[in-house]
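J.: Okay, here's the structure, questions in a sec.
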Amino acid sequence: MLHVSTIEGQLDAKGLKFALVAGRFNDFITERLVGGAVDYLVRHGGDRADLTIVRVPGAFEIPLAAKKLAASGKYHGIICLGAVIRGSTPHFDFVASECAKGLAHVMLDANVPVGFGVLTVDNLEQAIERAGSKAGNKGVEAASAVLEMVRVLEQI
C-alpha cells in the first residue's frame, strides 16, 4: 500500500481572529447569517473578543471591505455575508457575479481565507431557507470553510 501524506484543517478557532463583513441590504436575512457564523466560531473555541463585524451597504461593497481587512494583517480569515435576491432586472446578475469575483481576487491576492456566505437566490423563500431554515445556515458554512482553510494553510 502506498503511503500518502494528507493535510487537513482542524475545526478549532481558539486564538484566531476573524472579520465578518455583512451587507445591510436584506439585513433581516443577513443578520441570521451573521448570528450563525458567530455562534459557529464561538462553539469551536473562538472568543467573541476576537471577532470584528464590519457592516457595509450591500453585497457589491463587500469585496472592498474584505480587501482592506485582508491587507491589515490583523485577521486569520474573513467571512463575507449577505443576500442578493433576484428581481425583475439584470441588476442581480451583475451584483452577484462581481461580488463573487471580487472576493476570489481578495483571497488569492492576500493569501487570506475568505468565505463566500453571500446568498444569491431567486426569491425570499429561498433566502429564508438558507439562513437557518430548511437548507441550513450558509453563514455557518462560510465560517466553517474559512476556519478549516486557516488551519490547512498553517500546515502548508
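Placement of Cβ uses the backbone N, Cα and C atoms for every residue, glycine included.
Below, the features straight out of Swiss-Prot:
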{"type": "ACT_SITE", "residues": "His91", "note": "active site, proton donor"}
{"type": "BINDING", "residues": "Phe25, Ala59, Phe60, Glu61, Ala83, Val84, Ile85, Phe116", "note": "5-amino-6-(D-ribitylamino)uracil binding site"}
{"type": "BINDING", "residues": "Ser88, Thr89, Arg130", "note": "(2S)-2-hydroxy-3-oxobutyl phosphate binding site"}
J.: How far apart, in angstrom, are the most distant Cα atoms among the (2S)-2-hydroxy-3-oxobutyl phosphate-binding residues Ser88, Thr89, Arg130?
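T.: If we measure all Cα pairs in Ser88, Thr89, Arg130, the largest is 23 Å.
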J.: I want to verify one value. Collapsing DSSP to three states, which class is Ala59 (5-amino-6-(D-ribitylamino)uracil binding site)?
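T.: DSSP call for Ala59 (5-amino-6-(D-ribitylamino)uracil binding site): helix.
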J.: Rounded to an integer, what is the Cα-Cα distance in Å between Ser88 ((2S)-2-hydroxy-3-oxobutyl phosphate binding site) and Phe25 (5-amino-6-(D-ribitylamino)uracil binding site)?
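T.: Ser88 ((2S)-2-hydroxy-3-oxobutyl phosphate binding site) and Phe25 (5-amino-6-(D-ribitylamino)uracil binding site) have their Cα atoms 17 Å apart.
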J.: The record names Phe25, Ala59, Phe60, Glu61, Ala83, Val84, Ile85, Phe116 as the residues that bind 5-amino-6-(D-ribitylamino)uracil; what is their largest Cα to Cα distance in Å?
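T.: Overall maximum Cα spacing for these binding residues reaches 16 Å.
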J.: Write out the long-range same-chain contacts of Glu61 (5-amino-6-(D-ribitylamino)uracil binding site), meaning residues 6 or more apart in sequence whose Cβ is under 8 Å from its Cβ.
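T.: In sequence order, the residues whose Cβ lies under 8 Å from that of Glu61 (5-amino-6-(D-ribitylamino)uracil binding site) (at least 6 apart) are Gly23.
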J.: List the residues of the same chain that sit at least 6 positions away from Ala59 (5-amino-6-(D-ribitylamino)uracil binding site) in sequence and have their Cβ under 8 Å from its Cβ, in sequence order, or write 'none'.
T.: Gly23, Phe25, Gly82, Ala83, Val84, Val95, Ala96, Cys99, Val118
J.: Roughly how many angstrom lie between the C-alpha atoms of Arg130 ((2S)-2-hydroxy-3-oxobutyl phosphate binding site) and Phe60 (5-amino-6-(D-ribitylamino)uracil binding site)?
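T.: About 20 Å separate the Cα atoms of these two residues.
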J.: Rounded to an integer, what is the Cα-Cα distance in Å between Phe116 (5-amino-6-(D-ribitylamino)uracil binding site) and Thr89 ((2S)-2-hydroxy-3-oxobutyl phosphate binding site)?
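T.: If we compare the Cα positions of Phe116 (5-amino-6-(D-ribitylamino)uracil binding site) and Thr89 ((2S)-2-hydroxy-3-oxobutyl phosphate binding site), the gap is 23 Å.
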J.: Within a 10 Å radius around the Cβ, which one of these binding-site residues has the most neighbouring Cβ atoms: Ala83, Val84, Ile85?
T.: Ala83
J.: Which has the fewest other Cβ atoms within 10 Å: Phe25, Phe116, the binding-site residues listed?
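T.: Comparing Cβ neighbour counts within 10 Å for the binding-site residues Phe25, Phe116 gives Phe25.
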J.: Write down the Cα-Cα distance for Phe60 (5-amino-6-(D-ribitylamino)uracil binding site) and Thr89 ((2S)-2-hydroxy-3-oxobutyl phosphate binding site), rounded and given in Å.
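T.: Cα-Cα distance, Thr89 ((2S)-2-hydroxy-3-oxobutyl phosphate binding site) to Phe60 (5-amino-6-(D-ribitylamino)uracil binding site): 16 Å.
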